[in-house]
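What TrEMBL records for this protein:
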type	residues	note
REPEAT	29-63	repeat 'PPR'
REPEAT	130-164	repeat 'PPR'
REPEAT	231-265	repeat 'PPR'
REPEAT	332-366	repeat 'PPR'
REPEAT	367-401	repeat 'PPR'
REPEAT	402-436	repeat 'PPR'
REPEAT	503-537	repeat 'PPR'
REPEAT	538-573	repeat 'PPR'
Amino acid sequence: VGTKLVTFYSKCDALEPAIRLFTRLETQTVFSWAAIIGLLSRLGSNQEALSAFCQMLNNGLFPDNFILPNALKACAALQLTGFARGVHAYALKMGFAHCVFVGSSLVDMYGKCDQLEDARKVFDDMPVRNTVSWNSMILGYVRNGLNEEAIHLFYDMRVDGVEQTQVTLSSLLSASANLGALQEGRQAHALAILHGLELDNILGSSIINFYAKLGLLEDAELVFTSMLEKDVVTWNLLISGCVQNGEFQKALNLCHLMKSENMRFDSVTLTSILSMSAATANLKLGKEGHCYCIRNKLESDVAVASSTISMYAKCKRIRSAVQVFKSTTQRDLVLWNSMLAAYADLSLSGEALKLFYEMQLDGATPNVVSYNSVISAFLRNGQVNEAKDMFSQMHSLDVLPNLITWTTLISGLTQNGFAFDAILIFLQMLETGIQPNIVSIVSALSACTALALLQYGRTIHGHLTRRDICLSVPLATSLVDMYAKCGCVYEAKNVFDLVVNKELPVYNAMISGYASHGLAVEALSLFTHMEDVGVQPDNITFTCILSACNHAGLVSEGLELFNDMVSKYGVKPCLEHYGCIISMLSKSGNLDKAYELLRTMTHKPDAHILISLLASCKENHEIELGEYLREHLLQMEPDNSGNYIALSNLYATAGMWDAVTEVRNIMKEKGLYKNPGCSWIQIGQEVTIFAAGDVSHPKTEEILATLALLGMEMQFMGDGHIIY
């Protein structure tokens, strides 16, 4: 009777009376121990459950195949792999290895302890497998990111004729969502309908999560509305899906609807609301979410605190972010990293570095995410050497850089003008076996473009071809731009032709390439084709096509395009457009029209426009207009040596040598010097730079001798001269 009472209270999850009766039993049998260990395991008291298991063994009793699954469940919850292997050994020794309940529990335990090989070995050795065995193995694969293996095992399960449950299909949906496998996910949904499975909170939520992750929000909403009972998890999944897909208003409407259904927001709901506030820089909504957290005592939740810090950072309220961070007493690594990321977003490298050392003094060991934030902060602030030092420090402390680390460094170096370093880092990343993402490839190609390093650009293109990486719009645009700016406009055209679904950025890159090579006819032809296929041009398109007309001297075509830009396409002219037209008019000798446009345009002219007019004044001997432009130019950029050189050339053309001397004297007084012309050439892996007047190269004499021979040959072939 005592044993039956212990079992009764245990099954009712009544811990106190069950324990009291158990300790008063004269004889504690296997059944009473089984009841107590099962109760402790169900209530999450896993350490106590394992202590009871050990005590039972010490008392000379042998756990049976009903106790072992509960002990293994407790081991999995505590991640005690060593203890679990001991239980596994006991099961083998006692002959329970072929019990389907014990086998399923072993598969589940090894899966949760990230020991997939052991889990699969146990699974394969099981003479009989039930639905639970299959579910445990599939779930183990999904939990460890082996989603393709999970889907393959699901197919094997169907072939074996094993019944699928809601848990099975939920696992398949999770794997499909992680892989973006639309067909497999839809099959899981179809099987749920075919088998008549109820869309409960587990299965229904899994289907919603699948559709939301793949951006199919309408399908997710249909499933949501068809569910009879919805818990907070279900609401959170749909709200989170809307936020991740940029449907912020829809997410907000769902939050209002959730409140009207008397559902309370939990920490996950608030995280979505705060993420939405951060994405839209909506400080008002973010503060409302923060206030709700405080009123409902959720502000101590680490996930909520991290989201609040990110929200304030995105809204440029760093003091508020710091206040939230300091008010959170239980700081884990995630929270420290959130604060580091906040500083990085606002380019506050000094504060980020200080916090980086502070977290170590507080006992938090920085991980790769921490280093990424500090490196990003340095690069955003232009502190390239400090970023490199931090990257080196990672290696010395055996913190392995991940894809984000490499990408951050490559893009940051490129943006800070260290293009060659960026290319070397990219190649180093490939050597380590890390496959680049689109951002890192685009950044590396930009670096090749900046230095006109065609060889490296082709290397990256070759990598894409060998890896059979699809030419997405960003990649295709970068490749076209790289080839065009490295002088290979026809190779750029080959890449352009390979793109199946051409979008506006690819057209812009190709038109720009034609423009820079003086191929105005080809640029205009491509622009017309773009219009014919229904691609709407933007302001960048018109900058490129007007530049092509400017280079080729196609004045009437350029003016017509400028008029169409405003009247036909509704594109508001910007400074670049005006600059192209003014340069075009002034080069063709229409200085009066160019000056009239300069006076009437809506934008204040920049130095580039004034310089282009000034150059035409030199060609057309318009000294008076040149004097007028001089005043504005020197007011705008008084310390730009190029402006003084342009003025000096204007006066020299007109024979005004006193004015030339005056300009040169002003330059000397200001300490301004003409920046020497510079070019470079790549031979093998080495880039050699040549500057005007520089004779420091070890082979200068040979180079000059070769130039002299070339000059003589040019003169022999025909009239001409060479400028050294």
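Just so it is clear, glycine is given a Cβ too, placed from its N, Cα and C backbone atoms.
TrEMBL labels come from automatic prediction, so no person has curated them.
For the repeat 'PPR' (29-63), the list of distant contacts is 2-3, 6-7, 10-11, 13, 15, 18-19, 22, 70-71, 73-75, 77-78, 80, 83, 87, 90, 94: same-chain residues at least six beyond its ends, Cβ to Cβ under 8 Å.
Using a Cβ-Cβ cut-off under 8 Å and counting only residues 6 or more beyond its ends in the same chain, the repeat 'PPR' (231-265) has close neighbours at 201, 204-205, 208-209, 211-213, 215, 217, 220-221, 224, 272-273, 275-276, 279-280, 285, 292, 296. For the repeat 'PPR' (538-573), the predicted model reports an average pLDDT of 90. According to DSSP, the repeat 'PPR' (503-537) comprises 26 helix, 0 strand, 9 coil.
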